[in-house]
Amino acid sequence: MSDNNQLQQIAHLRREYTKGGLRRRDLPAEPLTLFERWLGQACDARLADPTAMVVATVDDKGQPYQRIVLLKHYDEKGLVFYTNLGSRKAHQIEHNPRISLLFPWHMLERQVMVTGKAERLSTLEVVRYFHSRPRDSQIGAWVSKQSSRISARGILESKFLELKQKFQQGEVPLPSFWGGFRVSIEQMEFWQGGEHRLHDRFLYQRDDGAWKIDRLAP
């Protein structure tokens, strides 16, 4: 059982948010403009893994699952990440492409949430990115049958050494089970911490091809 003192400490952990607010007059017309600005500030602040995002999917029973992956590209078409196509998230996206992304930039007292539909990337896009990765990462993609049960880490390490020897000459080929997804932007919400828990939230939502902006209560 949990220690009562620790539980009491958790209940009282809090702080004020003091890094400034977000005002309607300061918002650009396009959400990606603000996203790019915030992402740049997260990088400039030297946050650990500023491109890390939570990817939320659901299975065929409606059970949600979350995991952290790295954003690898973004433009007006959507946000891109790569993964093993045999993974749980890939199977869940195949069943239900509606997913949610979250960028938790805690040190800046900010969050960005994206909702939309995921679609598979073209083979050309995947090949280009795959061969831009470090060689050991390319080999690592071959090693793991993601989300499958294994008895020990040594199995992965042995397989890695075996494949490193196998692919010693020439390019590492793209695994047929490795690919990526682009998440279209249907909604993008920006959250900025505020004093007295009066946080600022703004929601960008598509409306007849244009972006509608609404302030949301915290």
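Counting starts with 1 at the first residue shown.
Cβ coordinates are placed from backbone N, Cα and C, and glycine is handled just like the others.
Annotated in Swiss-Prot:
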BINDING   Arg14, Arg15, Glu16, Tyr17, Lys72, Tyr129, Arg133, Ser137, Arg197, Leu198, His199  substrate binding site
BINDING   67-72, 82-83, 88-89, Gln111, 146-147, Trp191, Arg201  FMN binding site
Arg14, Lys72, Arg133 filtered to the binding-site residues whose C-alpha is within 10 Å of Tyr82 (FMN binding site): Lys72
Other C-beta atoms that fall within 10 angstroms of the C-beta of Gln111 (FMN binding site): 19
Reduced DSSP assignment, Arg14 (substrate binding site): coil
Fewest Cβ neighbours within 10 Å, where candidates are the binding-site residues Arg67, Lys72, Arg197: Arg197
Shortest C-alpha distance to Arg201 (FMN binding site) - which of the binding-site residues Arg14, Lys72, Arg133: Arg14
DSSP three-state assignment for Arg133 (substrate binding site): coil
Position of peak Cβ density within 10 Å, selected from the binding-site residues Val69, Leu71: Leu71
Assigned element (helix, strand, coil) containing Arg197 (substrate binding site), judged by DSSP: helix
Those binding-site residues of Arg14, Arg133, Arg197, His199 having Cα within 10 angstroms of Arg88 (FMN binding site): none
Three-state secondary structure, Lys72 (substrate binding site) (per DSSP): coil
